[in-house]
Amino acid sequence: MTGSLFKGNFWSPDILSTIGYDSIIHHLNNGRKNCKEFEDFLKERASIEERYGKDLLSLSRKKPCGQSEINTLKRALEVFKQQVDNVAQCHIQLAQTLREEARKLEEFREKQKLQRKKTELIMDAVHKQRSLQFKKTMDAKKNYEQKCRDKDDAEQAVHRSANLVNPKQQEKLFVKLATAKTAAEDSDKAYMLHINTLDKVREEWQSEHIKACEALEAQEYERINFFRNALWLHVNQLSKQCVTSDEMYEEVRKSLEMCSIEQDIEYFVNQRKTGQMPPAPIMYENYYCPQKNAAPPGKATGPSLARRGPLPIPKGLPDDPDYSSVDDYSLIYQ
């Protein structure tokens, strides 16, 4: 850092002006405000990260996600849920880290505020002293100029009274002139004394102004450096979070690579199989001529049999006493 930019560029020809100093202070106030804004940004980002982490944690632990899966895919899902849980914890930890960075930024602002306060108190004092002494000097100058005019008037009055014959009047004018000369000389000395004092005050102010410029420039250098590093660190933390999350998700990808579709299907078959024999065909059974030893429905009966033929014609004739006809219906009496 050169340390000469501020002290070489913030002056004013007006001895009472504070425009240069005020410009520096205004700039530093803006810088302090910018740091506060970034501090608030970090706090808000921390709240977002914490809220996201907690929501993600709740999602991972409470929301079902393929809970009935089996074997290798089940293990992959367990890894997935665990890594989502880990990512959530990382976001919560990042929130704590961001709050710590915000706290450091706040401490830095407060430290610079106290340092600046010392400089500002000194500068306020020298500005006040300079203004007060300038006023005294200007008042002394006015008085000196008035006394000089009074002396000039007295001298002209003496010259105009040269032809007067009244000695008492001439004596009064000479006394007045002598008094005016003495007052002019005294006011001149007082004016010179105030000028010398003002110059000393000006030199003291100028020296303090240079010191203030150097101190404030050093503070601004420190602030910009701190702010830049804080921002650099912040994005590094975000990048690290992304890398960490990717590493955790990589574990999920690895577990998915170990997932075997064939093994999972075979595992399901071995665990839940119900038998290798399908049901036999359901056979036709004649109501009037049931087969002996007919197999129960749904049971295997061997090879498929041919469908039975039509009902046999009864042996008895219509005239048999065992066979009677009622209207168009036939009844067989057993």
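Positions of Cβ are set from backbone N, Cα and C atoms, glycine also.
Unlike curated entries, TrEMBL annotations are predicted automatically.
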Where TrEMBL places region 'Disordered' among the ranges 95-134, 295-334: 295-334
Within-chain partners of the coiled coil (91-118) [C-beta distance under 8 Å, separation at least 6 from its ends]: 28, 32, 35-36, 38-40, 42-43, 45-47, 49-50, 52-54, 56-57, 215-216, 219, 222-223, 226, 230, 233-234, 237-238, 241
Within the predicted model, mean pLDDT of the coiled coil (91-118): 97
